[in-house]
Structure formats: structure tokens, C-alpha cells
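Engineer: I am attaching a structure below and will ask some questions about it afterwards.
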Amino acid sequence: MVVATIKCVVVGDGAVGKTCLLISYTTNKFPSEYVPTVFDNYAVTVMIGDEPYTLGLFDTAGQEDYDRLRPLSYPQTDVFLVCFSVTSPASFENVARSGSRGTSPLPGVLLIVAPVTERGSSVREKLSKQKMSPVRKEDGERMAKDLGAVKYVECSALTQFKLKDVFDEAIVAALEPPAPKKKSHKCLVL
């Protein structure tokens, strides 16, 4: 029996939690230390109905040094998880900027994921010293809509809050991609 594969590529700035997201999901354990990724992949078998699927998870480096290497993982991707940290407004702006250039550099279905640590007072206090504040959920949802993403999900790799939801949504998005939006052709006669 041939098992169908769903390819899921995770992208976003360095140190926003991409690797933690994948390790926590695949092992049910939060990694104890930060190790910058160059490229890594994981595979898990998931059952959808009575059918087994291999969910291929491709972790990419977020550092600018790897901007030219990262696209090598994009071909045949079924779904992209685009990540930013709610405690890093710069990572949020980078996602918004990359999609506002007219066309997204990522083909296919996008699912915007915001690994949530906390928006608590200590985080707000730290960011306010830099004249910043945590990214609000409403802003994430708006950006996801503006970029044409199928969903915006906030989760925590540390506590596993909504972590499974992220990958369930990715699987659904890959198996049932949204219909492409029809371009309206308008004719204006003056």
C-alpha cells in the first residue's frame, strides 16, 4: 500500500519558534536549548479517516544568510506554515512585508502560525522599554487575511496549547486547498 505524503514547509525569521514547534509536535517534548537550524526535516504518520498519510515537516533556517538556500525546500510543497513570534514585532513585520510585495514568494496554501509564549506584563514591560508591544491577535488575523492565508492560529510549543490544531489545519488545507480566487475583469468606458 502506498501512503500519500503531505509536504509542509515551515518558514519565518530566526528564533521565532519554528524548530520548537516541530520538535514539540513530533516528540511531545519541548527542546531544552536553542539550536539554529540550517535545514532539517521530520516525518510523522497521521490517520485521516481510515487512511494513513505521511506528514513531511521541513524546517528552514530563518537567518538572512540562508535566504538563497531556503527556496530549495519549496518545490512540491502542499502547505506552508509561516511563523512569527507575538513577542517580536519585527518578525511580524517581516512576514507582512514579504507578502505585501505584490505576490507572495511562497506558492500554495499559507497557514500563519504565531508561537505564543505570553503577552503577560513582563513581556509587555520588556517590549515597552523598546517602545514596542506584543503583536495582537487581531493584527495577526488581519495580516493572514491580507496575505490570503487559509487560517491564522496561535499556539504554544512549550505548553502544547493548540499545537495539534496547527497541524490538523495544515493537513486540511493541504487536502482541501481553497479554490483560487477568480480575477474580476472590469471594463470601464468613459
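Glycine is no exception: its Cβ is also placed from the backbone N, Cα and C atoms.
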Engineer: Tell me which range among 7-15, 16-24, 34-42, 142-150 Swiss-Prot lists as motif 'Effector region'.
Structural biologist: 34-42
Engineer: State the count of C-beta atoms found within 10 angstroms of the C-beta of THR60 (GTP binding site), not counting that atom itself.
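Structural biologist: Step by step: centre on the Cβ of THR60 (GTP binding site), count other Cβ atoms within 10 Å, giving 26.
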